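Below is one structure, written out as structure tokens, with a few remarks after it.
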Amino acid sequence: MYSPKIKPLTAFCILVGTQPRRHLLISSLVTTMARLPHVSEHEFSQDEVRYLEREGRDYCLAHGMKLFTAAREVQTDFNLLVHKVSQDFEFTKKALLSTVAADPFTSRLFDIYKKVWEQGNAQSISLGIFRSDYMIDTSGGLHEKCCSCSAGNNNAADPIYIKQVEINTIALGGISFSCLVPNMHRYLLHLMGQENKVPPNPALDEAADGLIKAWELYGSTSAVIMFVVQPDEVNVYDQRLLQYRIDERNNGIKVTRRSLTDIFNDGKTNDDKSLFVNGLEVAVAYFRAGYTPKDYPTEKEWSARLTLELSRCIKCPTVAHQLMGTKKMQQVLSDPGVLERFLPDKESVDRVRRTFTGLYTLDLGSEGDHNMECCLKMVEKCVLKPQREGGGNNIYGEDIRRTLLDNSQNRSQYILMDRIQPEINKNVIVRQESTSMHPADVIPELGIVGIFVSRGNEVLLNKEGGYLVRTKTTEHADGGVFAGRAAFDSPYMV
């Protein structure tokens, strides 16, 4: 199956679905060689072919390490950017004006943000556990094929570079599982006689330490960390592993789990705005819910969210940080001059801007009209993104045309993004329910975790905190691990 003189790099990924079963995805490294003009493959000797294969493999992997490092280095810039923008109420209000008018969910979140701003923030300390997701883009500048009005342009000097898919500011899933998979990879590499070049992933420890840091800053040893969860949570073990890691690192901290409905029924604040739920004072509210309209089926849940935001407990995230993760804000941040307004120096501006692909407004007006017209001419080059989290919400292909034409007056609830063109690898998928193996095209996506603690404008902690790699098949345009369309993976470094 394999040449005995060239050891293949093989990665195993756990594909976790919502059903009680597990899959294994076996993905082997595939290298591509540039075509040489006027030379047939039959004119190369076997030694020359092997030499070119090795050189090509090393080149691809070396560039992969370079991009992995770049993604890690820019995370602290994104952490700071999210926080600085969230502290500027007037900028945020203007940036989200059209989206608030078109999207009821964003409007309700902004209403809470506004009330906190008007009534005064009872807690100046905030914790952010963020994640910026990237793909390696090989298109050389998709924006040139779509619209020409965005500042989020690909760097012409970067034929291959990381491009940001999105930034997540609430309820990061997969942190725990993403740390288990590299351990399995190291074991499998050992079995294969391969050198272990899977980097350590401290994401679980870093997330736990961030929550512990916030708990310590609150200043009450009897107060608890409260996980705000969905009542029908299916991803419970990813959350439980984080809970257990908190206990391992500080067993004096009690962790509770409550839904927004529970908080409405059993929560109250006292005169100094301390929050108590079931009689327990809450030091930190860590949101693993609250990111989708389904989490607010009645006014009770909205009331509970407002109570939380107005209370003295430390939020992870605040509603202000949550709004920074909207797709509209992602698009606005790519506009000329915005990064310079919030980041401290040219180097940080350049690092962030280099990750942007084309991002375009669909606000009503001449610019939005132009962008919509360009998109409709080449829908296969674009992604239509609503203001939603949780995966499976983006719109592709002819569905973009139908959505925009059927709802053109309400198009401000979306933004347009150039569709990133990543390198596709051919791999073999092995599933538990099937004994046969078949090749599949897969694409990796790299997420870098960031931990950010602040007191008002004072930065107390700002660091990169590990990674999450997901590999998905190209047959699905969107969707994640828990939808059964992707697998947790690990990078292999050289």
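Cβ from N, Cα, C; glycine included.
TrEMBL does not curate its annotations; it predicts them automatically.
Annotation comment: TrEMBL describes R131, Q239, R470 as substrate binding site. Annotated ATP binding site per TrEMBL: E166, K327, 385-394, Y396, 417-420, E445, K472, D478, in sequence order. The Mg(2+) binding site annotation in TrEMBL covers E166, N168, E389. Here TrEMBL flags 223-324 as domain 'Glutathione synthase substrate-binding'.
Each residue contributes its Cα atom, and for Y396 (ATP binding site) and N168 (Mg(2+) binding site) those atoms are 20 Å apart. K472 (ATP binding site) counts 25 other C-beta atoms within 10 Å of its own C-beta, drawing on all protein chains shown.
Long-range neighbours of R131 (substrate binding site) (same chain, six or more residues apart, CB within less than 8 Å of its CB): I167, N168, L172, G447, I448, V449, G450, L468.
In this structure the residues listed as binding substrate are R131, Q239, R470; their two most distant Cα atoms lie 18 Å apart. Each of the binding-site residues R419, R470 was scored by other CB atoms within 10 A of its CB, and the lowest score goes to R470. Mean pLDDT across the domain 'Glutathione synthase substrate-binding' (223-324) comes to 98 in this model. Straight-line distance linking the Cα atoms of E166 (ATP binding site) and R470 (substrate binding site), rounded to a whole number, equals 14 Å.
Using a 10 Å radius centred on the Cβ of E389 (ATP binding site) and all shown protein chains, the other Cβ atoms total 20. Residues E166, N168, E389 make up the record's Mg(2+) site, and a Cβ search at 8 Å around their centroid adds R131, D133, I167, T169, I170, G325 from the same chain. For P386 (ATP binding site), the same-chain residues that are 6 or more apart in sequence and have a Cβ closer than 8 Å to its Cβ are D103, K327, N393, N394, I395, Q413, Y414. Note: the Cα of G392 (ATP binding site) and the Cα of R470 (substrate binding site) are spaced 15 Å from each other. A coil conformation is recorded for E389 (ATP binding site) in the three-state DSSP classification, outside any helix or strand.
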